[in-house]
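Q: Pulled the feature table from TrEMBL, pasting it below:
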type   : residues : note
DOMAIN : 1-58     : domain 'Fibronectin type-III'
DOMAIN : 64-159   : domain 'Fibronectin type-III'
DOMAIN : 163-252  : domain 'Ig-like'
DOMAIN : 259-353  : domain 'Fibronectin type-III'
DOMAIN : 359-454  : domain 'Fibronectin type-III'
DOMAIN : 460-557  : domain 'Fibronectin type-III'
DOMAIN : 561-646  : domain 'Ig-like'
DOMAIN : 657-751  : domain 'Fibronectin type-III'
DOMAIN : 757-817  : domain 'Fibronectin type-III'
REGION : 455-480  : region 'Disordered'
């Protein structure tokens, strides 16, 4: 019967064996069974099963696990996975048993010690180079099932696979500003490769906008809200010990351009149009500028009017302007991704800014010949535009019509040789300047000139005379001729003649070797007497000679030295330290004197530059210091005598350090400082002294007096017990001199004195060998605590006092009397 029913159902009536098979039971139901024996007499009592029996298939061990695979191999570990058996034997799997066998050995050994239900296991602690095979069994409540099929022999060694890289992006990527973009891909390799992202060779790191995600097989770089600075060459590197792979992508984050760069330059301004220019934007937005949009606005109106929106040049003509009105220009840059903010110009009035050049000044005519003349002029104001040409015109003085002298341009020179003049005619010339606006007014006409060669010889030189002589030379001087014959004086010819001779000798061979009105005739014989004469020469020839009135005897002329002092050689010369000292004088004398500079009785300093010329001498000392002061003398001497001048030089400088710095009358809150004036006051009156103090524990000096003219100071407000240093410096109008400092610190304490005498000394007890004494404290302690009292005694009539002892208290017993 079923366990939940009461009715019994017969199964068999003819069973003679002691067993029976019962058919038709329902799986999963529980039944009770009973059995009775029967003979010919009848049926005996039933025997019943004690407990219900659940109908189910019989339980066996599980089948073998399936799909045993090796997932990873290293030099000391093996990772395996498997799938459950197809049939678990009618009972749940309780664990798996993994076994291994070293190739060459017979037995399998259990690898797992603890109970294992996972279907993945890593065998560790293996020996590199060993070869194993593995199998796995499943267990249920009945027991351990058959093992799986064995793996292939597995040798323990690191698996190596070079990296692979499969990218989802192309070589180039264009992104609008503000949008996000990502670069993704897949990779593999053994051992697991390292993934690195770079931008323009710089390693990228995560932040608020940059996100990097890497799994064992995928890689991803994401950038949120892209900006222009994200433009660049991105690179992903996948690398392990066997090699590396790289992927690249050029990302261009594009935007509308930045505004054109100002200011707007008005290259040309006219009454009806302007020409403006500007510079391209600093940032083209990552895409080349396709065009500029130019607009104009009359400043009296609010309306912007288009000029053009189809130019890629950075210059533009603004047409159709009204004369006298002020305009502003607005310029936008445009690329594929939009239009920039505008660049707005300053206001500009529409009027002709440029004009033709001014008229040149009256030209000057030079180098006139019978058929040509050179016209020279100065450059006039160019009217705001560069001069490109000059126009030179000529006309005969009596004519009315001006004629251009050449059709060729005359530039940039400001002189022109006019050809093709008619000899003997009188001409005037004028010049006009031209720029791109037009031709300016002509200059005033030049002074009239006749076209003819300068043909007249000059008149003789005037007043030739011998101005100096030596034992072998004579210096001549004269004045130019009164008439140059309408020709430039080229120079002069000088001739001399020994008295008694008839032949004149030339002192110079060509006139241009003596262009000036003086000449030194050399190579003469000492003691002889000579005559001299001079001729003037121009292009037409030599003038008549002018004679030196008297013959000249050649011998040395003696003139004692003479000194003409310059202003800087007055009796006393003051110079500030660091400035340059200059002493100079004009020197005369024949022969030229020997020059000697001295300072006191010694040579001047080597740093002094001494210059001696044929007319004077100069002494110069740069960057003077106080030591450069003193008495300088200049001596000039020649055979005719000598002359000496002296000048006292005072180099004005800061004073030296004060002397004999002394500290006295030290108290707990003050001390008295005295000193003497410096040995050197720097050449100027000392105006004041600066007194400073410093606590020895501090690095800072503190000024306690800076305007005192006295050579003493009471330093107040000291801190009792602190040690102080003091220093003093002198000042004059050129600055503050060096400090003089106390050699050792001064401690701020009151001075100590011996205490006063004890008061009211008397005895209070007397014995045959001792006396008891008492007394009171003295009125003054001398500035320090009393440390004790010295007791002495003297026998009556004796001269000497005997020391007994020093006691701390106000009483004492004198013993041993």
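Glycine residues also receive a Cβ, built from the backbone N, Cα and C atoms like all the rest.
For each listed feature, how buried is it and what is near it?
A: Counted with DSSP, the domain 'Fibronectin type-III' (1-58) comes out as 0 helix, 11 strand, 47 coil.
In the domain 'Ig-like' (163-252), the DSSP tally of helix, strand and coil residues is 3 helix, 58 strand, 29 coil.
Model confidence over the domain 'Fibronectin type-III' (757-817) stands at 88, taken as the mean pLDDT rounded to a whole number.
Secondary structure of the region 'Disordered' (455-480) per DSSP (helix as H, G, I; strand as E, B; remaining residues coil): 0 helix, 14 strand, 12 coil.
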Q: Under 8 Å for C-beta pairs, could you tell me which stretch among 64-159, 163-252, 359-454, 561-646 has the largest tally with the domain 'Fibronectin type-III' (259-353)?
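A: When the Cβ pairs under 8 Å are tallied, 163-252 comes out ahead.
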Q: Sequence gap of 6 or more, Cβ distance under 8 Å, 3 or more pairs: do the domain 'Ig-like' (561-646) and the domain 'Fibronectin type-III' (657-751) meet that?
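A: Yes, the domain 'Ig-like' (561-646) contacts the domain 'Fibronectin type-III' (657-751).
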Q: Work out, from DSSP, the number of helix, strand and coil residues along the domain 'Fibronectin type-III' (359-454).
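A: Here the numbers are 0 helix, 34 strand, 62 coil.
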Q: Run through the domain 'Fibronectin type-III' (64-159) and tell me, per DSSP, how many residues are helix, strand and coil.
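A: Summed over the domain 'Fibronectin type-III' (64-159), the classes give 0 helix, 44 strand, 52 coil.
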